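Single-structure report; data block below.
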Amino acid sequence: MNWIDIGQIDDIPLHGARVVKTPVGCVALFRTGEDEVFAADDRCPHKGGPLSEGIVHGQSVTCPLHNWVFDLNTGQAQGADEGRIGTYPVRVEGGRLLIDGDAIGKRSAA
Amino acid sequence: MTQKLVIIGAGMASGRVIEHLLDADPGAYDITLFNAEPRGNYNRIMLSPVLSGEKIYEEIVTHSDDWYVERGITCRFGEHVVKIDREMKVVEGENGHVPYDKLVIATGSAPFIIPVPGHDLPGVISYRDLDDTNAMIEAAAKGGKAVVIGGGLLGLEAAAGLKERGMDVTVLHLMGHLMERQLDEAAGYLLRKDLEARGITVKTQASTKAILGEDRARAVLLESGETLGADLVVMAVGIRPETRLANDAHLDVARGIEVNAQMQTSDPDIYAVGECVEFDGHLFGLVAPLYDQAKVLADSLLGRPNVFVVKELATKLKVTGCDLFSAGDFAEGETREDIVFRDPARGIYKRLVIEDDKLMGAVMYGDTADGSWFFGLIKDGTEIEEMRETLIFGPAFQGGASADPLSAVAALPPEAEICGCNGVCKGQITSAIEGGATDLGAIRATTKASASCGTCTGLVEQLLSVTLGDGYAAPQAQPICGCTQHTHEDVRRLIKSQELKSQAAVWQELGWTTPNGCHVCRPAVNYYLLADWPLEYRDDPQSRFVNERKHANIQKDGTFSVVPRMWGGITTPDELRAIADAADKYDVPTVKVTGGQRIDLLGVRGEDLPGIWSDLNRAGLVSGHAYSKGLRTVKTCVGTDHCRFGTQDSTGLGIKLEKHLWGAWTPHKLKLAVSGCPRNCAEATCKDIGVVCVDSGYEIHVGGAAGMEIKGTEVLCKVTSEEEAVEVISAMTQIYRENARYLDRIYKWLARVGLDWVKAQIVDDLENRRALAERFALSQSVYRKDPWAEHAQNSTTRAQYAPLANLTLEAAE
């Protein structure tokens, strides 16, 4: 693991998301009502909708374009839709957000 | 071997023949199509909307020039046929001969012209084809007086269209009441009243003696001696089959060209179809039997057995706002009995004619919703004894109300598409039901059917009841979503009565099954809370759909559109310069003028939004809320400022209303318009709330729609001052805000509560009106502000438009 500090949890609105640009594309960081943080692709496999703009509910997000719902734990589309978004290891330490650089194609800068 | 088929006349009947032929066997015939009109097939039924200006010609074209070319049809449009030579089997056109193996005569009908003196003067027009329609539109553009001779379907549609185009119209009708072939006297009376209310003068028992004028028509002289000034005379007394070519060719012709049940004339190689034929003593003027004939004729040409049968017909008038229906035979007779229903206040009249326990005829005016049901009873000769007592109230009162639609759904093939949005067909839904999806929510979850626009929800529910039979009880009211058992209405009621003032309180007190709702219920609950507790509850952006959270409309590629407000559609050179500068600075790919009288900048990147807003703010421009379930625009015409017809300052009132209402959140979008006179150039009568100015004040209209559904408004009330108009509209907006379910436009909500209830609340009860307007003002004290400025100036909010981190750049360091 190669944890990279990308900001603090309060930078993400509660029930909201922010985008991090990475070598593998845009990754969305979601913050749930319980202050859990998830990282996943910011691109819906259906029509490319920006998931970071979706409504976050429970541990899921709804795509703003056509209402596909994804479980943020597994990245699996829910209900009738078939598809999956990539998820990335992320953790919160002392209010700081840390993302796994290896998983997002980022070699250690150090 | 390919045979030569020549068709004379490119109308709706022959057009349908060609479609059937090409569908069944494209190689069977080499087709040549003559048409005296210099164009192909268009939907003649829609000429009336073209005349009234509701449609344009291009919208009613059925077969374009390309359509004929692609199908290898030789078109001889604008060319008259001179004669048919049966010996040589040749059709002689003005520009040359065409031999045929089979010939179809589809010459349609010609208008009947009363041979009174002056009938051939310029300025006398019949009403048959596009050229006639265009001639009327052109004449109407000069204004003045029009006299329409003939009070039947065509004449009345012409009269309504000409009135719509601003002419002063008089209808002359020979008989005692209008449309005497389709309507009885009572319905004719109501129709006359409606037409007169629109400003059309109707004279019955009026016989035309002459059309007066030297070089062109100037007036119409009646037998009674009365003279009516006329700049335009429209002759619409009837039509007769156009049989000249058939007569000259010595085919059997009575009133029309005689055909057998295979549509064959007395010459076995010559067929006829449409309004020019006579079959078994019948002539045809409506489109349904013509289409039946077309199918039969195509089969005959392909050597397939088929017979044409005359069916009962129903009539509808295509004059917007005049709702009438007539079917069957409604003449009185000794063995016949009538059931009549009248509601004078609403202008409703229904009459059923019964003979031997069967429905023979039906005439309806004002409310024709049950027309097709009655028509079915007439056609099928259903015994009505059992339901006689409630028959006139329609299918809803017959217990087995849903029998008809259900059997229609049951009859659909498995590949029939039910949900157009998601491309789900009946078979997928029935297998989902058989696989255990036994309610609407489960169907949506497993197939997506009815999960998008929702207009097919009724069909899906019918499929559920067809497939599950008694096992499916259509729920009386649907819960908001899977997170709760409560309906929208219950939640609204409980939020008020239990004084629930936060989302957490709603989840807890109302027993939500999810921690914080979902994308369906949370926006609804957020709206209900802010509408009911404007001071206590704070709008939660994270419970809003992206457009309302980011104050811009998301596009399919993830960029946004930015629409600054233009109060009442008025702008200035400075504003336009600021918009142009912003478009340049942020590389806006598309700049579009919207239907709401403002300018849309499309393709703005999310991170540029605060920047472009700041720039626009500096020029005094604020958010147009083009993205919100809230006040969108107030569209206006120029009114008394510039227009020679304007009766009030419609632009000024529009701006006043927009300044008063902007920023308000509503259950769904709210569009307004103010028209300066009844010509209604601002299209106020298809808005959620519309104002039509008249000399004596302001008519306030509500409940229009022009989206997925199209609906004209109903008049709420009339007021005499601008102040009163603003107060009524504030109260209307607030009562809608407080009571409607989330995502119901005003028209949908009105369909639930009824206009009368709303009138009682805000037209009749002045105290309540004032209280509603005050509550609206209180809410506006919080929400009447520019969200763009707030977001652009607040550094925390502003930051959220940019990425949290950019890990692609560091690699270069």
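In case you wondered, yes, glycine gets a Cβ from its N, Cα and C as well.
Automatic prediction, not curation, is the source of TrEMBL annotations.
Small disclaimer: the values here were computed from a predicted structure and weren't measured.
If you look up TrEMBL, you'll see B:4-277 marked as domain 'FAD/NAD(P)-binding'.
Among the features that TrEMBL reports, domain 'NADH-rubredoxin oxidoreductase C-terminal' is placed at B:314-381. Note on the domain 'NADH-rubredoxin oxidoreductase C-terminal' (B:314-381): mean pLDDT across this stretch is 79.
The feature domain 'BFD-like [2Fe-2S]-binding' is assigned by TrEMBL to B:418-464 (among others).
Marked as domain 'BFD-like [2Fe-2S]-binding' by TrEMBL: B:480-529 (among others). The DSSP breakdown of the domain 'BFD-like [2Fe-2S]-binding' (B:480-529), given as helix, strand and coil counts, is 26 helix, 0 strand, 24 coil.
Annotated domain 'Nitrite/Sulfite reductase ferredoxin-like' per TrEMBL: B:554-618, in sequence order.
Here TrEMBL flags B:629-768 as domain 'Nitrite/sulphite reductase 4Fe-4S'. Counting residues of the domain 'Nitrite/sulphite reductase 4Fe-4S' (B:629-768) by DSSP class, helix then strand then coil, yields 57 helix, 36 strand, 47 coil.
The [4Fe-4S] cluster binding site annotation in TrEMBL covers B:Cys637, B:Cys643, B:Cys677, B:Cys681. Note on B:Cys681 ([4Fe-4S] cluster binding site): other Cβ atoms within 10 Å of its Cβ, all shown chains, come to 18.
As annotated by TrEMBL, siroheme binding site applies to B:Cys681.
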Given the binding-site residues B:Cys637, B:Cys643, B:Cys677, the candidate whose Cβ has the fewest other Cβ atoms within 10 Å is B:Cys643
What other residues of this chain sit with their CB within 8 A of the center of the CB atoms of B:Cys637, B:Cys643, B:Cys677, B:Cys681, the recorded [4Fe-4S] cluster site?
B:Val638, B:Gly639, B:Phe645, B:Gly646, B:Ser650, B:Ser675, B:Gly676, B:Arg679, B:Asn680, B:Ala682
When the domain 'BFD-like [2Fe-2S]-binding' (B:418-464) is classified with DSSP, how many of its residues are helical, how many are strand and how many are coil?
25 helix, 4 strand, 18 coil
